[in-house]
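Student: Take a look at the following structure, please.
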Amino acid sequence: MKLDVIGIGNLNYDIIFTLERFPEFHEKINARGAHFGLGGAAANTISWLAHFGLKTGYIGAVGNDDVGEMHIKYFQGIGVDTGGIDVVEEPSGVAVAMVAGDDKRIVKYPGANLRRRFKPEYASRAKFLHLSSNPPELIEEAVNFASQRGIKVSLDIGEAPLPRELESKVDYLMMNEDEYRRKYGSLDPSLCRAKNLVVTLNGGGALVREGDNVFEVRGLSAKVVDSTGAGDSFDAGVIYGVLNGWSLLDSAKLGMLLAYLTVQKVGARSAIVPLEEVKRIAREVGLDLPFNRT
């Protein structure tokens, strides 16, 4: 079966503590709240897209443990093809986050994620590959494969290195402002060789380059409870839009809406809702998107 999108990335178990303040050295404090849930950047993105009715799959690795079983059952429950997920003899990955106001500290145990490998035969079923939180060698293999096969690829690069010759093969490069400035020395979008570029800005909003055309997308004002997964939700909006033939500008607007929903709840996937609900919220906040145009 042909799939619309295959995600490639980590599969983690997220533990999020909300705090009044961070503990001092050797101090023990009580958390104000605790959230436990499934995570992993590309997995969060794919979860949105599956809820939107796209045919999705995933390449990753989990442990032969309860957490690994939870990941597979969750994906199967929302219609994500799990044929690209390996079950290995390593504990599943875990991420622990402490959130105090606008500040956040994260500790990760990669575990089974380190055993993830690219699967060309499985990936060939996709119209579109989305990569996030991957090692450089897997990024290179996947991007080259997609380029040779005519498969569109989006890459949320994070801090991973990206050779210039590989960069030009990426259809949609996604970064935040800090990552972009560290890599290119300024916010000039012309410095990037990717075919299209989306940079989320520190003050909210995003800078979008579609071919040679550059736009700025305004963010939506929200009371931030927890920013975990907001970037992953943004990526989902961009991917959904471009797969449906939208401009990158409109696609980024949808990404902003999904990020807006995400930051108002604790946990990366707590805000996921069906597409019809997203359409309703878009109308409610006055966001003009193609699926609401008559």
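Placement of Cβ uses the backbone N, Cα and C atoms for every residue, glycine included.
From Swiss-Prot, here are the annotated features:
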type	residues	note
ACT_SITE	ASP232	active site, proton acceptor
BINDING	THR200, LEU201, ASN202, GLY203, GLY204, GLY205	ADP binding site
Student: What residues, ordered by sequence, lie under 8 A Cβ-to-Cβ from GLY205 (ADP binding site) and sit at least six positions away in the same chain?
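Tutor: GLY205 (ADP binding site) has long-range Cβ partners GLU216, VAL217, ARG218, GLY219, MET256.
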Student: In Å, rounded, how far does the Cα of ASN202 (ADP binding site) sit from the Cα of ASP232 (active site, proton acceptor)?
Tutor: 16
Student: Which chain-mates of GLY204 (ADP binding site) that are at least 6 residues away have a CB under 8 A from its CB, listed by sequence?
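Tutor: Listed in sequence order: ARG218, GLY219, LEU220, SER221.
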Student: So how many other Cβ atoms are close to ASP232 (active site, proton acceptor), meaning within 10 Å of its Cβ?
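Tutor: Excluding its own Cβ, ASP232 (active site, proton acceptor) sees 29 Cβ atoms within 10 Å.
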Student: Could you check what DSSP calls ASP232 (active site, proton acceptor) once collapsed to helix, strand or coil?
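Tutor: Where ASP232 (active site, proton acceptor) sits, the three-state DSSP reduction gives helix.
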Student: So how many other Cβ atoms are close to LEU201 (ADP binding site), meaning within 10 Å of its Cβ?
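Tutor: The Cβ of LEU201 (ADP binding site) has 16 Cβ neighbours within 10 Å.
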Student: Using a 10 Å radius around each Cβ and all protein chains in view, which of these binding-site residues has the most neighbours: THR200, ASN202?
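Tutor: When each Cβ's neighbours within 10 Å are tallied, THR200 leads.
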Student: In which DSSP state, out of helix, strand and coil, do we find THR200 (ADP binding site)?
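Tutor: For THR200 (ADP binding site) - judged by DSSP and reduced to three states - the answer is strand.
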Student: Between the Cα atoms of THR200 (ADP binding site) and ASP232 (active site, proton acceptor), what distance do you get, rounded to the nearest Å?
Tutor: 11
Student: Return one of helix, strand or coil for GLY205 (ADP binding site), based on DSSP.
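Tutor: Assignment for GLY205 (ADP binding site) reads coil.
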Student: Can you tell me how far the Cα of GLY203 (ADP binding site) sits from the Cα of the residue listed as 'active site, proton acceptor', in Å?
Tutor: 18
